Structure formats: C-alpha cells, structure tokens
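Engineer: Structure below; questions to follow.
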Amino acid sequence: MIWIMTMARRMNGVYAAFMLVAFMMGVAGALQAPTLSLFLSREVGAQPFWIGLFYTVNAIAGIGVSLWLAKRSDSQGDRRKLIIFCCLMAIGNALLFAFNRHYLTLITCGVLLASLANTAMPQLFALAREYADNSAREVVMFSSVMRAQLSLAWVIGPPLAFMLALNYGFTVMFSIAAGIFTLSLVLIAFMLPSVARVELPSENALSMQGGWQDSNVRMLFVASTLMWTCNTMYIIDMPLWISSELGLPDKLAGFLMGTAAGLEIPAMILAGYYVKRYGKRRMMVIAVAAGVLFYTGLIFFNSRMALMTLQLFNAVFIGIVAGIGMLWFQDLMPGRAGAATTLFTNSISTGVILAGVIQGAIAQSWGHFAVYWVIAVISVVALFLTAKVKDV
C-alpha cells in the first residue's frame, strides 16, 4: 500500500479537482449514453434504421470535430477555455434532448452540440497530462486514478439513468445531466489551471510535425480500434444473446456490465503502479491477451456463474487498455497531448462504427453465437498488432 500513501501525499487541490471533474462529467455522460436508443425509440418514435443512423452520424461528426479542435488546442489558445466551451455545448445538448422530440433537429443541432461536447473529456485528460508534466508529478498513476473515476461513474450512471428515465421521464434525466455539466463547468473555471505551452527541443520537431506519419502511431490506432470494436460488439450483442439464446434473465446484462465496471477500477490503478516496472507495451499485451481469453471463454462457457467469472478478464482488458492505451498514444506523440488523446478517443468512436455494422450483419445472418467467434478472431489480430508497436 506504499503507492497509495505516495499518491495521497502528492494529491493537492488541483489534482482533486481533476478527479472530481472527471467523475462528474463521466456521470453526466453515463446518464445520457445508455438510454439514448430508448429515448429515440419511445420519445422520438424513431424506427431501428433511423436509430442506427443517428449513432453513425454522431460518431462520424464526433471524430471530425474532435480532430479539428485537438489540432488547434495543441498549437494555440488556452486548453482550459476550450474545455469550458465544450461544457457549455454539453449543457446545451442535454437541454435540447430534454425539451425537443424532433428527429431532424436532434440529428443536426443535437449531433453538432454533442460532437463539440464530447471533446471535453479528451481535452481534460490532455490538460491533466500537461499539468502533471509541468509539476513533475507521477503522470501514469495520476492518469490511471483519474481514468478510474470514469469507470466509477459508469458503475453509478447507467442504473441511475434508467431509474430516472423510467420513473420520472427523460426530461428530468437530461435536465439533471445538464445540471451536473453546469457544476463541472464551475469547477473547471475556478479550480483547474491554465498550462503554458512548453517549447519543445529541436530533436522533437519531427514528432510535433508527424504523429499519424509515424507507423507506430498508425499501428496502435488500428490495434486500439479493433480492441474497442470487440468491446462494443460485446456490449451491443450481449443483452440480446443472454435473453434470446441462453435463456438467462434480462437483468443479468446489467449485473455483468456493473461487475466489469467495478473490477476495472483496481485494474486501472494497479496498471498505473506496475507500468514503470513492465513497460506500456507489455502491460497492453497482457491486457489484450486477457481480452482474447474473455471472448474465447464466452464461446465455451455460458452459465450465469461462468459469465460473471469471465468479467475478471474483461475488467483487466478494458481497465488497462483505457488507461495505459491513452498514455501510450501520448508518449508516441510528445508535445501533442491533445491530438494524441483525441486519436485514442477516436479509435473508440471508429470501433463503435465498425462494431454496429459487423455485429448487426453477423447476428442477422448467422445468429448471436457467431458474433463471439468473430470477436475472438478480431481480438487475436489486435493482440498481434499491439505486440508490434514500439515501447516508449
């Protein structure tokens, strides 16, 4: 427990503010995301095709806007002011969904606001990285603990979202999300620092100009995209699979997701502690190997107890990838924390787009069980690519 004491000694008001903002913004996001399809179906009256189109347009718009803002944030301006602007957009987006039920308005104005709002989280992590670097603090552990706040938010957020939406209505739920974003904005404005741009030494000039030109960055992006494709295919398909083919209760899906999210927290923190000893590549290879075991296990072990037990491998997979994966991008792109963090989050968005298409096609043609064979194969490819990225 020495590392916990060390972290406690190094914690100060600014660090605590980073943690609280990450948690609050995570809860606000976790209130909206799990219930979006239900909202579009019941409140807006959208058919399945239009619901899927909404997700696709939202993801594509998010990638474009976040890359544009990331490039600007790394080269000019105050990153903290950009986060405040994104929070304002998040408030507007939540209020739009609270009081509007027109599909065309939501897929245009709503998607635009959401794509701007979703940039807040990668920019928050980029600001945290720059602050930790400038204050000579432990970057990896701090980032891991901060990322764990998002997992904690996702333990709390989805059950709370369904409780609010089903008992009090979507207007109340989205209004509460807007209120949480407002509190986050106040904390960001008064507690988080503005970090001055650091002039990079000349030997890092190529890294500043490059990024995507680096084959290691490209390979890590593809590997990360495949990892999140696997995770999203599982999240989309699992609730349908356990009820329609395994004959297990619907509520088990919630328990499985909650168990995995809870176990991710210690996995993230332990990964942050051990990464200096073993290196980022080895930790990521261990994580993706755990993912391969998880998805392969789903093919052969389908009982309720087996599914719960397998969540340990799922937690190791997502917990390490979500924390160390982002830091690996940042270390491969020195001086471009915003672009690197956004590239990581865009690998998640790209994975979501691919997962929706692949899962839908496979499940429609060959059934839910075939989905997990495809996921297992994709995870093996991700493991191979991860092992080929250089360690930094």
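Heads up, the Cβ atoms here are built off N, Cα and C, so glycines get one too.
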Engineer: Do ARG79 and PRO334 end up on the same side of the membrane, going by Swiss-Prot?
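Structural biologist: According to Swiss-Prot, PRO334 sits on the same side as ARG79.
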Engineer: For the transmembrane segment (49-69), which stretch among 82-102, 107-127, 309-329 has the most Cβ pairs under 8 A?
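Structural biologist: So the stretch in question is 107-127.
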Engineer: Based on DSSP, tally up the residues of the topological domain 'Periplasmic' (304-308) by helix, strand and coil.
Structural biologist: 5 helix, 0 strand, 0 coil
